[in-house]
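Report on the structure given below.
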Amino acid sequence: MSDLPFTLDQLRILKAIAVEGSFKRAADSLYVSQPAVSLQVQNLERQLDVPLFDRGGRRAQLTEAGHLLLSYGEKILSLCQETCRAIEDLQNLQGGTLIVGASQTTGTYLLPKMIGMFRQKYPDVAVQLHVHSTRRTAWSVANGQVDLAIIGGEIPGELTESLEIIPYAEDELALILPVFHPFTKLDTIQKEDLYKLQFITLDSQSTIRKVIDQVLSRSEIDTRRFKIEMELNSIEAIKNAVQSGLGAAFVSTSAIAKELQMGVLHCTPIDGVVIKRTLWLIFNPNRYRSKAAEAFSQEILPQFATPDWNQDVLKLAQKKLVVNVLDAAIPNTSDDG
């Protein structure tokens with residue numbers, strides 16, 4: 001066989017159909033017509049002389065041959081992208097793309113600052129930030145879809161041997177209260193006082209929720225006795241709920257700097273209890289590491305990796321920047337997303 005029986009465009013179409021589950025949605029995602037997608041698949045099947053999809057059901061299902069081609073096709077597309085990016089790097093950071101992955105908290109509150117600093121130094125390098133769950137982010141690194149990532153959760157066990165995993169920083173979780181709550185007048189909250197609070201939490205399967213339960217359990221605090229007022233799916237929603245007086249919550253200190261400065265949330269330590277988790281920097285050591293990724297990891301990341309990076313936020317509470325609404329009005333706030 002002198003010529004390849006497929007093109008890169010056909011591999012992209014095959015991958016899109018597998019991801020989207022239908023020819024129409026695949027066509028929409030690729031900004032082409034559905035007939036064009038169908039024609040390319042027909043040509044591909046004719047060239048290979050084998051069906052790639054089982055068209056009997058409502059969802060486009062890959063045949064065994066389709067799965068095999070997709071497996072190799074994804075590797076081919078990934079290598080093509082690596083090749084293009086390696087050539088771009090020859091321009092000495094005068095172009096190219098840096099793709100950074102992050103779990104929810106780090107992607108929302110930490111990475112934007114880092115990327116801002118990087119863009120100031122290398123304005124010609126495009127930066128993409130992909131924020132997903134810890135598991136999905138780790139797989140994105142393993143598959144070569146992102147250059148590096150900072151995550152705060154548990155890395156899937158099946159990936160620990162294939163990734164370069166570096167302890168990056170400690171993320172401290174703090175108890176936040178509405179500024180008009182009686183406990184805000186206390187220097188510290190006793191363990192037994194936690195059972196008197198109503199809590200706003202992430203769902204029970206979230207990484208942060210599990211860390212909180214584990215640490216408090218080691219401090220002989222039974223979170224099963226907590227009064228859960230509601231479960232929400234984002235840190236921003238939790239902060240807004242606490243600010244509105246609906247309950248208390250545990251959140252990363254990196255997520256509350258703005259609110260502490262503005263005096264719309266209160267942070268009080270728990271006597272004898274510190275809740276911390278490790279943030280991990282992960283690479284794929286078997287993938288080409290771009291000059292942009294090297295510059296980001298060597299020049300930007302160290303500035304945020306100091307052991308006490310959370311303490312700068314906690315000092316805001318110690319400086320009495322939080323104002324009780326009984327004494328002063330709360331300033332207007334806006335959602336920073």
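Cβ coordinates are placed from backbone N, Cα and C, and glycine is handled just like the others.
Segment annotation: Swiss-Prot labels DNA-binding region over residues 23-42 (candidates 23-42, 243-262, 263-282). Here the domain 'HTH lysR-type' (6-63) has a mean pLDDT of 92 out of 100. For the DNA-binding region (23-42), residue counts in helix, strand and coil come to 17 helix, 0 strand, 3 coil, using DSSP.
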